[in-house]
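Everything on this sheet refers to the single structure shown next.
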Amino acid sequence: MAVSAALRRLRPSPRLRFAAAAARVSYGSASAAAVAVELGRVEDMNRRIAELAAEGRVWDARRLFDGTPDRNVVAWTAMVSAYARLGMLQDALALFDRPDARRNVVTWTALLSGYARARRIDEAEVLFQRMPERNVVSWNTMLEAYAAAGRVGDACTLFDRMPVRDAGSWNILLAALVRAGRVDEAHELFQRMPGRDVMAYTTMVAGIARYGNVDEARGLFDVMPNRNVVSWNAMISGYISNRRMDEALDLFMKMPWRDIASWNIMINGFIQNKDLKRARELFDTTPERNVVTWTTMMNGYLQGMQSELALGLFNGMLTEGIRPNKVTFLGALDACSNLVVLCEGQQVHQMICKTTFQFDTFVESNLMNVYSKCGEIGLARKLFDLSREKDLISWNGIIAAYAHHGAGIEAIRLYDKMQENGYKPNDVTYVVLLSACSHSGLVDEGLKIFESMVKDRSVEVRDEHYTSLIDLCSQAGRLDDAKRLIHYLKIKPASGSVWSALLGGCSANGNVSVGNLAARRLLEAEPDNAGTYTLLSNIYASAGKWKEAAQIRSEMNNRGLKKQPGCSWIEVANKVHVFVSRDKSHTESDLINSLVQDIHHMMRLAGTVPTDSMLVDDEMAI
């Protein structure tokens, strides 16, 4: 009893027991709430990592990632995917291979996609084989990697191994076969497709039109259950590539709706068919123009040798607030180079300096060409010397600049320096070198360069090289050597540029016999070239053979051929002055002609004026 009483005294009263229980409940609730808050905070941090990574803010995402104690698979996948998407594959792999990494099939596929995008196919294959689990996206990623790399055979093999396929799988392989020109296999695959969607139909229409029969493509287009604007554009492009512009325009007019690409395709089609007038009409009626629209029209004018209109379009584009791209800038520089306008070229250069294109080798090469054509060889050289990364394009550009100025010795020195820096010359290098030697009269040096080119098996000798070689000998008066070279090299009459170079040398040196041969061969290649008749007539006139010269003129008139008058221009005080033969429309024409007569008189006194017969015939040629 005493013990029992003692034990009862040690037990807490009901009130105390209730208080303790309440305390325990209160403490437990507080712990659960704290845990819930902590879990919520961690989830928010993982979610935020994924958001930052998706936005491309990879550095911010990584800082938060490193500071998060409990990173889930979503965070790991987001980081690996962001690195892979930005091409930072070394960082992606380092994170992926960490011992504490949390990965699932999405993580593996993200890294695989990075390798595929970077065309590192061998590494993609190894990773694909390592994957513990693959879904249809994984298979499609590897399939797309093979297709993008042109490994169509491997793509076909992988496609046959796929345990399950979706519409994307079929379309990837179908597009790969079409790009490779394997239209028959593509058509067979198309027939096997369980559900042909608009993408599949469009791919086949484009492929058949490009590599097969455009009428067959139109037949498939007409039976398409559904069409989108891409389908219409593909069919129109098919007609254009087959030079059937009327049908392309007819289909364009029938389109239920058009996007900017539709207008751009048609404008480019007219340009390809050398119909600049209709291209410009379409350009002017386009409801919306983007940088591609403006650049396409600009390049059309450049191809049509209308550089002034091209440069005017470039200025109009800037007025409209359209931001030029690299191709636009290259076109503007070509226009400045063709027009030899230094001020405009410098303005374009200033705009380029505010973009990332300033370090592009093609852009730098074109800038060097502009400065060289405008007589600023020093600026061209300075631009070359300041170039961060010189490549073969840069070297060829500066060699061409010196060639254009007749500085053959310096061009050869740069050629030697280029090789010392580990750059191997290509076909363009040899063209500009031979041209430099021709302009500088360095015949022996040019022959050595041509010989070294022939020995270089990696370079294909083209008509441009033969033309430069013949021009080299012809301009130096070594016409018999040029004639022997043509015979030795077995150059066909179709090589018009070669015979034109020989004829030009004959005209400069008054060689009638070789000139007559060159002219006749050139007329076989280009029967309607008015310049050939003019040069041959000048050669006869310079030799005093007026009867033969008159016969050539008569034959030229009978064919209805007329040589375009000579034209030149010069930029003075930011204004371009254009001069055409016998044109007196310039406001200062009397003063200019008077000055020319004074210069002519001084030249005659110095003994550097051509003979009277040549002067008379030059007047006839105009």
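Each residue, glycine too, has its Cβ placed from N, Cα and C.
Among the features that TrEMBL reports, repeat 'PPR' is placed at 72-102, 104-138, 166-200, 228-262, 290-324, 391-425, 426-460, 529-563.
Sequence-remote contacts of a segment are chain residues at least 6 beyond its ends whose Cβ falls under 8 Å from one of its Cβ atoms, and for the repeat 'PPR' (72-102) they are 42-43, 45-47, 49-50, 53-54, 56, 58, 61-62, 65, 110-111, 113-115, 117-118, 120. Beyond the repeat 'PPR' (391-425), the same-chain residues lying 6 or more positions past its ends with a Cβ under 8 Å from any Cβ of the stretch are 361-362, 364-366, 368-369, 371-373, 377, 380-381, 384, 432-433, 435-437, 439-442, 445, 449, 453, 456, 458-459. With a cut-off of 8 Å between Cβ atoms, the residues of this chain six or more beyond the repeat 'PPR' (228-262) that come close are 198, 201-202, 205-206, 208-210, 214, 217-218, 221, 268-270, 272-273, 275, 286, 288-290, 292-293. For the repeat 'PPR' (104-138), the DSSP counts in helix, strand and coil order read 26 helix, 0 strand, 9 coil.
Confidence over the repeat 'PPR' (290-324), given as mean pLDDT on the 0 to 100 scale, stands at 95.
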